[in-house]
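One structure follows; several queries about it will come next.
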């Protein structure tokens, strides 16, 4: 017993200690497990007294990087949990300054473990977390936490002082994700300075030596898979307001809209290691509704010293309204004075559906032609998420006017993370003509956003182009020919950025030296500059458009007339009959080198004679005593030395002759005061009338010249095949009037029947008339007055589906004019149609106008026909497509610029004002003379057609934005003595309705009066009813204030009473051109 007692006592003493130890182990089992798991790590780092555990609410894992060590990547909103365990000593956990008020920290004495937990982690929480031993600060472990939302760069102080730069400067473009060095680039004053030594925890470090160039602006750029972001930093010459904190905004919702409860928080965060929030300071707000705060609509919540290094204040807005939009300023004040402020623009959408632009490539881009490609991109988000449509467009100014074209259109499918999207336009094959304003329109539900870019593609070598705007030309063997005396309108166009002037020169045939041509006006586009010239063609010449060493050449040849074959008969007949002698003349232009002409009929060559004039070659073919076998196709073939052929053909038809024969025995019943011979023949016979054996008259129909027409009448018809006679006795004495009563009854019955037919078949007749009208349009060859015809076929037809008709832009008595767009070419046109589609009379007026316009050759000062839609004319649809002139009519143009008019005739003229003013809103004396010269040129062209305008006035003249005029409504005006037109009409037109080119000259003189009175009314002191009397008394309009004396002398010449004493338009043009040159030289 004595031997066991000591042992039992020892066990009794040890048992309580053993039980306490077991309980301790059970309570801290999990820490032992963790400790056991980390023992290998500790063993790898035997000198470390602490080690770091971490875990997250998701399955993210710890990763390692050679440069930054251990790290983890999280997404904003997740929860971060960290554990720091020590073998001995008191733990110390350090973390980024931003986290002081949101960290849940707990320390457990067993195993010396410190816990850190952060819920709803934010992008701004990115930073390094470290575990340190208080006894041995050198012993530590750390991990870097990246928290990403949408931006790749963390907010940071953006202004640094030169004082900050001592041995080195850190540009703190820290990232929220681990990035590779080559993905981040550093630019100093726009130049790339670093791309390799980037640390995502700190940014770029620049030594004092690297700062030798002393840049003032740094930019960090992130580029990866069409995703680009950047952040800027400024080096200030002045001392910063404060260099230990940053000020930034945080909003609660990226898509604020009407009705939403919105919050906006301003944070002041101290970033220096020893920086503390000051005790005497506050964050103040300025905003659209900050002063009113009605009904608790807007509440400001202030939090001072939230944590040691942070101040925060928030604005809460209930039921957001449009009036809440605007600038919100957060002002950091210390001791009552503002030290720094930051601004936030709040955009409140009226609808829930929104398109928010997040990022875009630079809005102004310059590139070199041929350098590759330019990418335009925009990053944006739509709310709520859904499909949207986008349209890429380009607008630019061409030398002919504004252009708007669709580059790309469709449903987007480019989606990024966080419900964001990106659109990219790759502009390849760079050249100057790819320049302009590019627009991206994003359409989503009932809202849209548009983004703009300016793209300028510069070229070291401008392109040049020579354009001759003269449609009355033709080609033979590739040579361009124009008629002698043609007024050539030549455009010398240079394509480049920046714009440069092109020079036009010409060289006459057999001359070696080029001569410079004086330019008339300049028109600029986005990447084109057009310099226009006018040349009267008198002989063959070579034209050269030149910019430096870049040259465009064009050889212009003169011809007396367009190649053609003419008929000439020995006798004056409209057809060719057996026995006639026919002369065929083939007219072709004179060509350099040796050329031969051959006539071919039924594959056989025919003998002919030739003649050469200064500008033409003529070949004559005579067919004597023609027979019907001579009918057929005759071809004139021109062959050059290269064995190339140019041919013209015509069809000759020889009619057989027929002796005169009686169509109807005896005379037809008298029709009014005429009798018909009723004898026909081929060729048409000559007729001789006899009364009672005495010659009485000629012609097929005989007119009565006596009241008593009784007698025996004979008609003798004779042609080359023979003759025939028809006779009849006419008695008029004692005639009964019963026949007239019978005829009256018969006529009344016919009228009743016709009335019934008209009332029952009105629709049929209208359709028939419209069909006949259409046939007359297609088949008519008498387009022009005086029988002159330019075109035999109507070849301007467009399909109605190719035209989009828009808003009305004008109207007249017979028609209405609307703006339209040709869908294929996006060309803007003016569309004219009848005011009443069901009116045959109105449609006929439009048809006649179309016929005339289609036959008038184009001229830069005469409104040109673009085309027509006639296929549905049978159903009352007829549209004339004309040039669209964007400046309106000349009278309104002049009246609207009276306040800005520059009178260059007086001494107070400012010599610094340029003579050439392309601005459409400006107006000067030189402009007025130039406009008058253009009208004279246009009217001279119409007079040479010939075509009488009949209603010339400034209302009938259109003007473009480049101050080029077009004469309109020519030849189809309502030539009636109307009060609205009498002030412009010549006296013979008012009194006798006599219209001619001379009456147009009178109206041109009135136009000059309108121009130099800036849209004034002619005869301002005379009532309309007395105009004719006023003119006959010798009264004329007085000289306008702004009119040069030489041009008033021209007006008086135009207003001479005898029409033959008035000048031709060619003289008017010449006199005005001289005045224009004198005016230019004088200034």
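Don't overthink the numbers, they just go from 1 along the chain as shown.
Glycine is no exception: its Cβ is also placed from the backbone N, Cα and C atoms.
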If you look at how Swiss-Prot annotates this chain, which of 694-714, 715-735, 736-756, 757-777 comes out as transmembrane segment?
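In Swiss-Prot, the transmembrane segment feature sits at 736-756.
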Nearest by CA distance to residue 625 (N-linked glycosylation site): which of the binding-site residues is it, out of 809, 811, 815, 817?
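Answer for the nearest of the binding-site residues: 815.
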Whole-number Å distance between the CA of residue 809 (ATP binding site) and the CA of residue 636 (disulfide bond)?
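On Cα coordinates alone, these residues lie 50 Å apart.
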Given the recorded positions 261, 633, 811, 817, find the one whose Cα is closest in space to the Cα of residue 645 (N-linked glycosylation site).
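In terms of Cα distance, residue 645 (N-linked glycosylation site) lies closest to 633.
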If you count Cβ atoms within 10 Å of the Cβ of residue 636 (disulfide bond), leaving out that atom itself, what do you get?
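There are 24 of them.
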List every residue in the same chain as residue 261 (N-linked glycosylation site), at least 6 positions away in sequence, whose Cβ is under 8 Å from its Cβ.
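Counting only residues 6 or more apart in sequence, the Cβ neighbours of residue 261 (N-linked glycosylation site) under 8 Å are 316, 317, 318, 319, 320.
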Which number gives the other C-beta atoms within 10 angstroms of the C-beta of residue 815 (ATP binding site), all protein chains shown included?
22
Only counting partners 6 or more residues apart, tell me which same-chain residues put their Cβ under 8 Å from the Cβ of residue 586 (disulfide bond).
565, 597, 599, 618, 619, 620, 621, 636, 648
Find, for the listed glycosylation sites 433, 645, the residue with the lowest Cβ contact count at a 10 Å cut-off, counting only other Cβ atoms.
645
Quick one, of the glycosylation sites 132, 387, 603, 625, 633, which Cβ has the fewest other Cβ within 10 Å?
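Per-residue Cβ counts within 10 Å for the glycosylation sites 132, 387, 603, 625, 633 bottom out at 603.
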